[in-house]
Amino acid sequence: WSKRTHWKKSSVRFSYFNKTPKNTFIMESIFALIFLCVTGTHVSCSPGPLEDVVIDRYDIPRVCPREVQTGDFVRYHYNGTFTDGKKFDSSHERGAPFSGQVGLGRLITGLDRGVQGMCVNERRKVTVPPHLAYGSIGAGDVIPVQTRTLSKPESCKRLVEATDFIRYHYNGTLLNGVPFDSSHSRNGTYDTYVGMGYLIKGMDEGLIGMCVGETRTIIIPPFLAYEEKGYGTVIPSQATLVFEVFMIDLFNPKDDIAVVVKEVPKTCTRKTVVGDYIRYHYNGTFQDGSGFDTSYQRNSTYNTYIGMGYVIQGMDKALQGLCIGEKRRVILPPHMAYGEKGTGDIIPGSAVLVFDIHVIDFHNPKDLIEIKVTSKPKKCNLTSEVDDLIQYRYNCSLMDGTLLYSSDHYENAPITTLGANKVIEGLDEGLRGMCVGEKRVVIVPPHLGHGENGAKGVPSSAVLHFELELLDLQKGVPDGYMFVWLGDSPDPLFPAMDLNKDLSVPLEEFTAFINIQVAEGTGRLRPGMDADGIIKDMFNNQDRNRDGKIVAEELKLKVEEDSDKARHEEL
């Protein structure tokens, strides 16, 4: 009972007997089967009391030693027509009589009743009302496949059409309730194309118009199933089949991805493109709503490049054109997902995948920081630059608004020297060019932030959102220097340092000289450090013989050694 041939018309012949067993009643009889009423375009029905089978015994043999009883095996020819005379089936045209057992529920109820009591060679006309045949559903000039919806989702945006590929579960029984097959017992859906001859004709018809998530009963007459041949030992000749079908999902080989935008932020200055790196959360489900994966459960976003083949084809396409903060649902047909093979034990073959996506952030490896000034003093004569000592207030959050750090959590706002690698590169750049009192927003891409590894409290590859305010600014000196001249230094230098003109400069006199330069704005000490300690270090550097004073020869010797710094920048 192969899965792939499950619904195909079988060439296997099924013979009920090759000799006459006990309780076998053989008759070469001919009868006409007429359906009393079928709803459709040709015949109309009037509501009324349910009617029974009507039998017209118009040709009875003179000798009838025995009549057909329940359980007998019979062979008979028949012509089947509607009440308007249109034929829907005939054993004569197929050239073989029907063979089967009577009264066991393998035929429609009306026919089971109509055959009972017949003699060999008797001819009779049996008129069967709809409720004892295939129901009142149908159209045109054939006995219909009868369908009945048992349950259906409230929303049904797409129906099964011919050439669609579907996945469904089913239970198959005969009319008497005897089961012959079930996909549930194999723990796998039945997967096939519809309307392309892969199924028996009645199933091809009965599946049309179903929704994903719908359950329906499909009753298939024998001539739209396995006819007089049956199928193996499980489906007898001329058996009517009853299927209870649950539709798992459907798609068409021509389908592209489907996108449903759920939420878009009010402002969206930029959308994702090929080559961007994106972080997003997702829930992955099948079309019936059952889940197979979620990033939320792992408490971690999924991070990947877009359009570069790192994810399945459909997702690569679905991630393009998104805003930070956007939420959308994407439906991926299997040929743009995991195909006929699926993946592992998680996603079965030919499965349609549904992803609900929430974009946390994205960036491009070539991105620079983004700066937006939100407030600036009218007077701004002094701005921050490399080597300056600054104090600032900040809030640091992810792009979805999740707060990571804030200077408000500390007693004092942080102080740092710009360009000294004390903070991440992007923040250092973002603090440059600010006036005291200025406020700005700085967006830092991860390659200028905490990178792929992240940091404590900072996810890997996270884009950071800083709100900054410059509180204080002290102009600095280049790295490696304790003091710099802001203009030309005195020339010659020693007489200017020798304030009392005694040809020697002790520490106290050297300190007074440096403080005068700082006060007059001609020189600058490194900010953020103890001024007296810096000056003492400078003095010791000039006092070559360590006698507690600087003389002209020591200063001259230092100048010669540092000839590349002829303006005494070290001072």
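Placement of Cβ uses the backbone N, Cα and C atoms for every residue, glycine included.
Taken verbatim from TrEMBL:
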type   : residues : note
DOMAIN : 71-144   : domain 'PPIase FKBP-type'
DOMAIN : 163-251  : domain 'PPIase FKBP-type'
DOMAIN : 275-363  : domain 'PPIase FKBP-type'
DOMAIN : 387-474  : domain 'PPIase FKBP-type'
DOMAIN : 530-565  : domain 'EF-hand'
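Across all of the domain 'EF-hand' (530-565), the predicted model scores a mean pLDDT of 81.
Counting residues of the domain 'PPIase FKBP-type' (163-251) by DSSP class, helix then strand then coil, yields 16 helix, 37 strand, 36 coil. Per-class residue totals from DSSP over the domain 'PPIase FKBP-type' (71-144), listed helix then strand then coil: 14 helix, 24 strand, 36 coil.
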